[in-house]
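Down below is the structure, laid out as structure tokens.
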């Protein structure tokens with residue numbers, strides 16, 4: 001425990017991973033931050049005057065550029081005393097996947113004085129062979145827009161396919177309701193006191209290191225939480241996986257000298273270091289970032305290289321990352337989405353491992369006009385008309401602060417609303433795997449299952465890919481491991497008649513029943529049997545389903561007189 005606390009204390013320095021310039025609450029606002037990653041082969045460590053390459057390489061060109069522009073500080077991801085801790089995490093991820101995990105110790109935050117030309121400094125740094133990435137840290141973006149009755153009948157996104165993901169089906173089995181799985185939402189804030197949410201202060205994993213940011217209120221996070229884990233209690237709404245354990249972590253980092261900074265990559269790296277997540281758990285990224293066109297043309301969060309690296313580490317540790325694709329109406333296959341010669345969202349070039357989610361229509365599953373899209377997108381969820389907790393209170397509660405804990409909305413949406421829908425499907429599958437004694441699946445494997453079994457994207461926007469809508473009934477039936485159950489019946493009339501009935505509960509369906517009489521040859525059952533030979537007989541029988549699950553052999557004994 002002491003070792004882990006030391007690591008967490010060190011992770012306070014994580015501003016280097018995703019550190020945009022200070023925002024409204026942060027003095028001094030005049031400072032400008034860059035995010036810089038050194039080439040991993042250099043093993044750069046230290047800070048400011050002690051900056052060095054552990055491989056003995058010369059960093060004078062870097063010092064020259066920073067000195068010429070009056071850089072105020074060069075701060076590493078981790079202090080040198082704990083780099084070994086992060087190296088151990090990377091080694092675990094590498095051993096688990098066979099792929100080299102990112103060296104997060106190579107990420108630095110460079111603070112420039114007021115008036116510095118940050119773009120020019122970044123360009124000069126990128127021209128150096130010692131530097132892998134250098135760019136101006138992004139500005140803080142807003143969250144994507146978007147006695148109580150029983151509102152569950154209005155949660156259309158949970159109805160059977162093709163309308164919804166069919167959580168109505170999955171919630172009937174205790175093994176597919178999320179039990180044993182943790183979900184962490186990268187979220188500014190959420191209401192810990194809402195009547196329909198099973199969360200309290202312990203749900204905040206960021207604590208004082210990544211404090212919840214109240215500048216955008218908590219209704220966005222409250223809506224996301226409700227889609228996933230709202231209580232199954234007969235009133236309000238019910239989440240798709242109501243027995244999962246829900247947490248949140250803010251992307252806003254507290255700085256040692258006071259103030260705060262938007263640092264999503266840092267928050268994700270800090271989360272990895274907490275050690276609270278295990279393979280099969282899920283992280284939902286409810287954030288977007290400034291894209292190459294600026295303004296409201298928002299990009300998926302992993303457009304930030306620091307976030308990409310942190311996602312890749314989490315994925316390497318077996319944690320499923322679901323990433324909302326952003327509300328910028330951007331085609332991520334565009335030539336605009338090339339960074340330092342890398343086609344950023346081309347899976348044949350690189351892959352963070354995240355499941356990328358777009359927003360589709362609630363009836364036709366066409367891409368909604370605001371949703372980002374492209375070949376990299378995996379799956380879609382509803383992007384409008386989502387009934388859940390919190391939000392704008394237009395279903396119940398309104399905007400009166402006194403009704404904050406009983407507030408519900410019928411119009412949550414955006415990729416923010418779509419992300420939890422896909423996350424619920426992911427968690428239902430992982431909880432079934434865990435409950436049936438199987439190892440958790442990778443994000444890639446779950447995404448392939450949900451794409452293969454999902455409801456297709458509407459044809460009118462198929463050239464603007466956001467992917468299919470998950471169908472939990474089809475997905476779970478495709479991986480079901482429960483064998484069929486067969487019963488045998490007899491009745492006597494001029495011999496003994498024997499019949500078999502096989503069922504497969506909600507599974508893939510019985511494909512055949514086989515039997516043998518008195519230890520003889522196994523045969524396929526296709527019609528009622530008649531046994532006329534007098535004496536004692538035993539029939540063995542068993543059935544198999546479409547997934548190849550075969551029940552244990554059963555026996556039925558009888559006497560023909």
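Numbers here mean position along the shown chain, with the first residue as 1.
Just so you know, glycine gets a Cβ as well, placed from its N, Cα and C.
Taking TrEMBL as the reference, the stretch among 153-173, 174-194, 195-215 described by the feature region 'Disordered' is residues 153-173.
Of the listed segments 522-541, 542-561, TrEMBL assigns region 'Disordered' to 542-561. The list of residues near the compositional bias 'Polar residues' (544-561) in space but at least 6 beyond its ends in sequence, with Cβ under 8 angstroms from a Cβ of it, reads 478-486, 488, 490, 492, 495-496, 498, 504, 507-514, 531-538. Sequence-distant neighbours of the region 'Disordered' (153-173) (same chain, 6+ residues past either end, Cβ-Cβ under 8 Å): 227, 232, 237-238, 240-242, 362-363, 365, 381-382, 385-388, 395, 410, 421, 424-425, 428, 432, 454-455, 469-474, 476, 506.
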